[in-house]
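Participant: Got a structure for you, written out below as structure tokens; questions coming shortly.
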Amino acid sequence: MLTTGPKGTNDILPGQVEKWHFLEKIIKEICREYGYAEIRTPIFEHTELFLRGVGDTTDVVEKEMYTFQDKGKRSLTLRPEMTASAVRAFVEHKLYAQPLPIKVYYEGPMFRYANVQAGRYRQFHQFGVEVFGSDDPVVDAEVISMAMDFYNRLGLRDLELHINSVGCPVCRPKHREELRKFLAGKLDRLCALCRSRYDRNPMRILDCKEEACRLVSEGAPTTLSCLCDDCREHFEKVKNYLDAIGIEYIIDDRLVRGLDYYTKTAFEIMAADIGAQSSIGGGGRYNGLIEQVGGPPTPGIGFALGLERILATMERQGIEIPVENRCDIYLAPLGEEAKLKSFRILDILRRSGLAAEIDNLNRSLKAQMKFANRLKAKYVVILGENELNRGIAAVRNMADGQQEEIALDELINYLKKID
Ligand code: AMP
């Protein structure tokens, strides 16, 4: 147990972390270009925030929260997602008093007590954005297109964008009514959870993954068929804007987010080739959420993309992530005097921005060369007694094996110029 991490968690080791750095670099770039500023919030929040902000009839809250009591007897929860935290910060710091919209992004770990399987972890990472303060359908299209642009920049192919409109508090009661009528008499064929959802939140039955529930809800009335004029017009416009920039989508009327504060647009992105856990991102509008959490009525929309699943899809699709060379110069001294001299050179090289390494194990020259090779060093500087006596160092270009003798007082300048 001591030597095994908790179930559903992953170590990101050297050799893998470079892939994460690559994702993080693209995240920073794209957010700068789309005008999002980073927000960082605590990893844990008051449990109440997620009960209200994610919804107590969602799977995440019903089954998957990491909730604990701290020493002051407060109920706290490791964040299962970020929207609620971002909304809490927006309200707490009165960001609504600033010129709107407020556009924020985040990247970091989320925690869900999920049934662990490939692509489903208990600690996983999301990149997401939130836009607070605009109900304009062009923002929906912008947010969706940003997610698609992100996947595109990573080189991902064969993705499916599913979109739907889940309506609003004006039209949803009609849908709920029709859905209840449709499901009445079929309750005994639903799973226990869905039976309890029938009264509390029947819309959630539509996206239950149980086969029996799927069969029962086949042909059930959809939110799209019940949209009010405002929601219908909004959805038409979102589609028009997506069409205008050539983003393909599939209308998926089973894509639901069953809570009152989720409104209008809902979307999800699937990668066909990563198996059962094919959703690599999703999002939608939540025009009622900020008010629900205690702020002034303010529309909002966002997405959250799962980074583990994105990396798995990239791997599956054979996308190579460029790994930067970590060592420009390897110093290979032989003997104490050469080591002292090399140590000074090492210090100067590092201060001038070069990635430099020195032997730490008093190895033979042969072993040092082997190690330098492993580090993919571009150059090795060999300094032994003989070289010291002659006031030179041997500099080997590891790419072509060419070796040159450079005067010690020229060495730093010489090394600073190599690329
Ligand atoms: P959600 O907040 O549930 O809409 O999730 C957004 C994205 O996060 C999903 O599309 C997945 O890519 C990812 N995700 C959600 N739950 C997990 C999990 N338990 N393990 C890994 N990735 C997850």
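Glycine residues also receive a Cβ, built from the backbone N, Cα and C atoms like all the rest.
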Participant: E81, M82, T83, Q126, E130, R257, Y261, Y262 bind L-histidine according to TrEMBL; which of R112, R153, R232 goes with them?
Facilitator: R112
Participant: Consider only the binding-site residues T83, R257, Y262: which of them have a Cβ under 6 Å from an atom of ligand 1? Write none if no residue does.
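Facilitator: From T83, R257, Y262, counting a Cβ under 6 Å from ligand 1 as near, there are none.
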Participant: Quick one: of Q126, R257, which of the binding-site residues has the smallest count of other CB atoms within 10 A?
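Facilitator: So among Q126, R257, the binding-site residues given, the one with the fewest Cβ atoms within 10 Å is Q126.
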Participant: Taking 10 A as the limit, how many CB atoms besides its own sit near the CB of E81 (L-histidine binding site)?
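Facilitator: The answer is 19.
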Participant: On the 0 to 100 pLDDT scale, where does the domain 'Aminoacyl-transfer RNA synthetases class-II family profile' (23-322) sit on average?
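Facilitator: Here the predicted model's pLDDT, averaged over the domain 'Aminoacyl-transfer RNA synthetases class-II family profile' (23-322), is 93.
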Participant: Three-state secondary structure of Y262 (L-histidine binding site) from DSSP?
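Facilitator: Note: Y262 (L-histidine binding site) is coil by DSSP, not helix or strand.
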Participant: Provide the three-state secondary structure of R257 (L-histidine binding site) computed with DSSP.
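Facilitator: Note: R257 (L-histidine binding site) is coil by DSSP, not helix or strand.
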